Amino acid sequence: MLRRALLCLAVAAAPGLYADAPEEEDHVLVLRKSNFAEALAAHKYLLVEFYAPWCGHCKALAPEYAKAAGKLKAEGSEIRLAKVDATEESDLAQQYGVRGYPTIKFFRNGDTASPKEYTAGREADDIVNWLKKRTGPAATTLPDGAAAESLVESSEVAVIGFFKDVESDSAKQFLQAAEAIDDIPFGITSNSDVFSKYQLDKDGVVLFKKFDEGRNNFEGEVTKENLLDFIKYNQLPLVIEFTEQTAPKIFGGEIKTHILLFLPKSVSDYDGKLSNFKTAAESFKGKILFIFIDSDHTDNQRILEFFGLKKEECPAVRLITLEEEMTKYKPESDELTAERITEFCHRFLEGKIKPHLMSQELPEDWDKQPVKVLVGKNFEEVAFDENKNVFVEFYAPWCGHCKQLAPIWDKLGETYKDHENIVIAKMDSTANEVEAIKVHSFPTLKFFPASVDRTVIDYNGERTLDGFKKFLESGGQDGAGDDDDLEDLEEAEEPDMEEDDDQKAVKDEL
């Protein structure tokens with residue numbers, strides 16, 4: 001600690017001694033290996049983004065990150081924001097376990113042994129609120145109306161506990177809830193003027209927000225669990241737009257059933273269609289999260305593909321559950337009235353809607369090449385043929401590993417094209433789905449031996465022609481592995497830092 005204090009004094013008193021003082025870009029410190037340690041010593045609290053110049057997520061984060069840095073600097077905060085180009089500073093990236101972009105870590109008191117991973121949203125308010133929670137009290141004491149008003153205005157969502165006795169059991173429960181939430185500012189007050197300002201004549205908790213009804217008053221027994229449920233239920237808008245910034249809130253939230261309206265902002269009656277969607281949302285608050293996506297936006301095209309949609313098919317509605325297995329649902333009607341959307345959601349909650357499985361049309365020449373082409377419509381017939389041993393690659397067109405495997409898979413097809421009972425096949429899993437098979441990574445290789453038992457064997461051996469041949473000649477034994485082994489192998493091999501933006505977007509967002 002003494003060494004750190006002396007170094008801070010030296011930096012402050014004699015900038016010339018700081019041989020490689022970091023530059024600033026929009027209030028964000030630009031760090032390199034040569035000045036990283038000194039920056040940690042000079043700043044008690046330092047949030048560092050490890051980024052890549054080509055990363056789409058990093059580009060989207062940049063203005064919000066700079067906005068947060070400027071806000072904290074203007075407040076005279078001890079917290080500073082910094083960034084490291086991990087493609088240039090590979091030693092730093094390796095030291096701090098950077099495997100994907102952006103990776104954001106929080107350093108306190110120069111501690112490099114265990115920096116905290118940043119886990120909140122990607123809007124400026126989220127960043128500022130998370131940092132203040134990490135460096136200050138769980139709830140700010142509000143001595144007067146001006147302080148309360150300042151807190152409410154500081155963020156899209158804020159929570160204030162009104163307690164005449166701030167040492168009461170209810171107040172303690174409130175503070176425990178405040179400690180559990182990183183991305184929302186909390187305040188606590190016992191001041192009678194603040195009670196009057198917000199029309200309270202007894203103890204209570206109020207969530208203030210700059211959308212929808214503006215505020216929600218907590219009702220019920222004040223416990224940590226009840227307060228957390230209340231906040232999670234009310235903190236998001238009835239309808240939220242999907243963007244790079246809102247994605248962490250959407251996918252990291254407690255509500256795992258999402259209904260999506262793919263709505264181009266250029267469409268006629270845009271406001272009317274969005275209004276219908278919002279009207280339907282009122283009946284499902286806390287049960288289904290209503291999200292709308294600008295289907296014309298370039299960044300959202302991969303999501304359309306994931307749902308098997310084309311731009312010209314929008315506006316459209318789809319529903320997805322984000323439990324252990326993602327399952328999609330499609331309304332029977334294309335009408336986007338509030339009544340139709342409400343009916344669809346009710347039927348889903350009642351278990352009356354079957355999952356929607358995508359399938360491309362079957363190509364006329366699907367079986368004319370050594371590697372047979374499977375789609376959703378012919379998968380069952382081919383893969384589970386009782387008289388055939390079928391080896392299938394489940395791939396994604398954008399997957400780098402799949403592209404590397406393609407020529408080997410084609411050679412495998414050539415090897416067995418005239419075999420009486422071995423079939424080599426492939427299926428684009430971004431455009432085709434089958435109920436019996438869940439694909440978690442690309443490429444996934446599965447073997448369907450000739451059998452009446454619908455047996456499925458995962459391949460986890462070498463991705464070489466010889467490895468595949470040994471596997472097939474052994475009847476699916478040499479190289480077999482369970483699905484968990486396959487996922488671990490993919491994760492171990494996956495060069496996260498070299499993924500193209502689209503691939504990472506699908507993984508992160510879906």
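First residue shown is number 1, and so on along the chain.
A Cβ is built for glycine as well, from the same backbone N, Cα and C atoms used for every other residue.
According to Swiss-Prot:
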SIGNAL    1-19  signal peptide
DISULFID  Cys55-Cys58  disulfide bond
ACT_SITE  Cys55  active site, nucleophile
SITE      Gly56  site 'Contributes to redox potential value'
SITE      His57  site 'Contributes to redox potential value'
ACT_SITE  Cys58  active site, nucleophile
SITE      Arg122  site 'Lowers pKa of C-terminal Cys of first active site'
MOD_RES   Lys224  N6-succinyllysine
MOD_RES   Lys273  N6-succinyllysine
DOMAIN    351-477  domain 'Thioredoxin 2'
DISULFID  Cys399-Cys402  disulfide bond
ACT_SITE  Cys399  active site, nucleophile
SITE      Gly400  site 'Contributes to redox potential value'
SITE      His401  site 'Contributes to redox potential value'
ACT_SITE  Cys402  active site, nucleophile
MOTIF     507-510  motif 'Prevents secretion from ER'
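Over the domain 'Thioredoxin 2' (351-477), the average per-residue pLDDT in this prediction is 93. A gap of 18 Å separates the Cα atoms of Gly56 (site 'Contributes to redox potential value') and Gly400 (site 'Contributes to redox potential value').
Within 10 Å of the C-beta atom of Cys402 (disulfide bond) sit 20 other C-beta atoms, taking all shown protein chains into account. Shown are the recorded positions His57, Arg122, Lys224; of these, the residue with the fewest other Cβ atoms within 10 Å is Lys224. With respect to their backbone Cα atoms, Cys58 (disulfide bond) and Lys273 (N6-succinyllysine) stand 32 Å from each other.
Here the C-alpha separation of Gly400 (site 'Contributes to redox potential value') and His57 (site 'Contributes to redox potential value') works out to 19 Å.
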